[in-house]
């Protein structure tokens, strides 16, 4: 009978540890969706999940610059590095924006709830100045969303004298969607927009000059550079491995 006492104590301690671990878990809202216009989550009853450390919410938006956005909204457990820097290129088009927020109390990821969290990515110049170029404009997550029959004709603003068409991928954490776009652009055709350790927009495409010249078919599949380039962590590990082996042999 006495032999069973330590086992009972061990089981009780193990159960207490499980209870303690469970009590330390955070309750975070869980949600992901793609929007093609203004959104408002305030009236929605969002599901919640248990997270080990921190809650997370993020918004990533890409716009033609002519009142046509695609916006990714994601809430859940914090993933990825605990800190990082958002990088942006003021000369890049199409216009984009990302905001990421982490927090450490129950259901605290309820701040980014409406389209008001985003700036106006279709700001018309004041005074209105046209470049003289005219291009097709569209954006969507399917090739058919950017068929010529579904694309608008827009008069381009200011220094946007070229037309652009391309495709790519928008990513927030592990939530990712394809994107297809036609719009106005500058002759430099710079597309590297806002990036961070938690969000990314990878676009490839081409610019042209001429009346409605961005009319080619959207049939080319997008291939991200990350598919052929090893992640940075693996590159660093590959560089450090020979050094670690030498240290181990000399010890």
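Backbone N, Cα and C define each Cβ position, glycine as well.
These features come from Swiss-Prot:
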DOMAIN    135-214  domain 'UPAR/Ly6'
CARBOHYD  120  N-linked glycosylation site
CARBOHYD  174  N-linked glycosylation site
LIPID     225  GPI-anchor amidated alanine
SIGNAL    1-25  signal peptide
| Between residue 174 (N-linked glycosylation site) and residue 120 (N-linked glycosylation site), the C-alpha gap once rounded to whole angstrom | 26
| remark: Secondary structure split (DSSP) over the domain 'UPAR/Ly6' (135-214) reads 7 helix, 45 strand, 28 coil
